[in-house]
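Features as listed in TrEMBL:
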DOMAIN    8-283  domain 'Tr-type G'
BINDING   17-24, 81-85, 135-138  GTP binding site
Amino acid sequence: MSRDLSLEKYRNIGIMAHIDAGKTTTTERILYYTGVNYKVGEVHHGTATMDWMEDEQERGITITSAATTCHWNDYRINIIDTPGHVDFTAEVERSLRVLDGAVAIYDAVAGVEAQSETVWRQADKYRVPRIAYINKLDRAGADHARVVEMMAERLNAVPFVIQLPLGIEDAFNGVIDLVENQIISWQGDDKDSTFERLPVSDEHRATVDAAREALMESLAETDEALLETYLEEGALTVEQMKTALRRLTLTLQGVPVLCGSSFKNKGVQPLLDAVVDYLPSPADIGAVVGHSLDYSEEVRREARDDEPFSALVFKIAGNKYGDLAYIRIYSGVVKSGEKVFNVAKNRDERIGHFFQMHANKQKEVKEAATGDIVAIAGFKNVVTGDTICHPDSPLLLERMDFPEPVIHIAIEPKTKADQDKLSQTLDRLALEDPTFQVRVDEESGQTIISGMGELHLEILVKRMIRDFNVQANVGKPQVAYRETVIGEARVDETYERQLTGKRIFARVALSVKPAERGAGVCFENLTNETTLPQVFADAVQEGVLQAARSGAIAGFEMVDVQVALHDASFDDVDSSDVAFKVAATMAFKRAAREAQAVLIEPVMNVEVATPEEYMGSVVGDLNTRGGRILNMESRGDLHVVRAHVSLANMFGYSTALRSVSQGRATFSMEFSQYAEAPRAIQEKYAPQMGVSGDGIRSMG
Ligand SMILES: Nc1nc2c(ncn2[C@@H]2O[C@H](COP(=O)(O)OP(=O)(O)OP(=O)(O)O)[C@@H](O)[C@H]2O)c(=O)[nH]1
């Protein structure tokens, strides 16, 4: 096929930031200046194009990431807008997985906030090259230098300042381009106001010279040949600086830092230039590495159209045309109507239609190629994380990891008629969102939905009622407690019965001890030390896992335990896998109790930013919630408190914070770790244990 644009001219980028830093506003400007939009939507008018779901427009926040395509100077830029609220980190994570580069946006007043750190770490994990954009320089209290410092301190980033603000706060009217050695000045605040590139004026000469020299020096220090040139010539050329910046960005050794005010329409066009100049194309990223279907060998696919087709499904979203599967194509070409293979499901799928997405609007295309991000209609059975590929050349790309939900609520249909619809709708929502889970409680028969936070579940329930017209009653949010062991124990358990005249027999000796946080239930020596036949060893494993699901002391799932099988006896005639399963279940429950099973609870990282006068009440309130204050610092005219607080004590916090600060303080919260639950909780759920929970004690 002939591609209309070489792969080098693609940029697949994400825009990531703390809530309210200005992602949506910036994306709107990008769409305007690249000619996709004719009108700039404003977040506070509820008309921003990317925030298309009704709920997003109501709340002025971005919930689901929408993909959109635009063009800048002959380059195709696919943008994934990612949400800033921490309850939706899974959305950020799945976007980062398929992107080649990202723009990190900071609020010039608030600086690097908690959520920005989380997203930054996620981007580190996926090795996503980044450029930074310090937004809102027009705001009172904007402090460019402080944000740069915070990037180094908090994110461990190596910032390369390539622009300085021209004026600040009310007087902000452009940027100084240190690479080109020019002033970029806008005529006004209007979206259509033009800008011009001017030589640096005398007024700014000294500052610019010093900043340019510092930039050149730090670039030169990264490369021996460049250092030599710099020392010989006393300066670097624009081309040399750009090449060095691109190399450092692509190898994750540095982050070019730009600035502007998206709201005042200043800085966005140079930001687009920087996306092209410094962020990678799919060709720079190169081959994708997956596995053969049996995991026995690595399979590489070069980022080329003449390779077999391979792609990853990174999002499923329902809209009025049915389910759309968003895919990132890593290699090859695929056409509508073609058959592809879904590796995880081991089945063929036919591609119905392809769409290039612009927020919730879509443009049909006939084929898609390496580097493209498109949405596909017509797949029957795909979920987020599935690999799809050419049927003759299968490979498995690494799946995405999503955090386990930490909060759950019971939900029941209002009427009998809603019953079926409720369960279908919940399944549908769970398909779209991997951090949303649905299960039926075995004992109570209740339907339980779990998610990442109150807001997460609140929004899903609202969607269910509004978009799917299902009426339901929901209970109070409950913390997803877990169980684990803090000691070690070894037990010997024999299961022997006479059933319908037949003897059944199995004996297992196993031990349990704490395993690493996040390890789940792990096994050692299932067959080594014993000479147990494989079928019985499998039955032991199954029995333990089944027992772990319902816990040992209070019915919560038991996690992070290491189980070893030390001895086992069987009888050729009377033993069966069922007998081993029962023996293992009994042994595991007893061992876990003897190894001091305890309840653990989710503990959150909470960050509150408040004006000074409310600082005392904010801290007092966190203390009454049993929070552990980690540190306090000032940021502009705000004070920022960071604390660890158990999730159970954070319900309804937004209302409480509003009332202690007259609506002036803001907060963000993210899951930090599981820690031993306090004594009161232990006694409430497992009174028989007489355990010694002592508040927040890290188990990690
Ligand atoms: N003064 C000023 N305000 C801005 C600027 N950019 C954005 N804002 C305002 O800041 C608020 C948040 O902007 P958004 O674009 O919604 O931020 P976001 O990061 O997309 O937020 P979420 O979608 O909620 O994650 C809005 O009220 C914007 O109008 C700026 O450059 N200057």
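The backbone N, Cα and C atoms fix where each Cβ goes, and this holds for glycine too.
Not measured: the values here are computed from a predicted model.
Restricting the average to the domain 'Tr-type G' (8-283) gives a pLDDT of 85. Taken residue by residue with DSSP, Ala17 (GTP binding site) is part of a strand. Look at Leu137 (GTP binding site): DSSP puts it in coil. Highest Cβ count within 10 Å among the binding-site residues Asp20, Lys23: Lys23.
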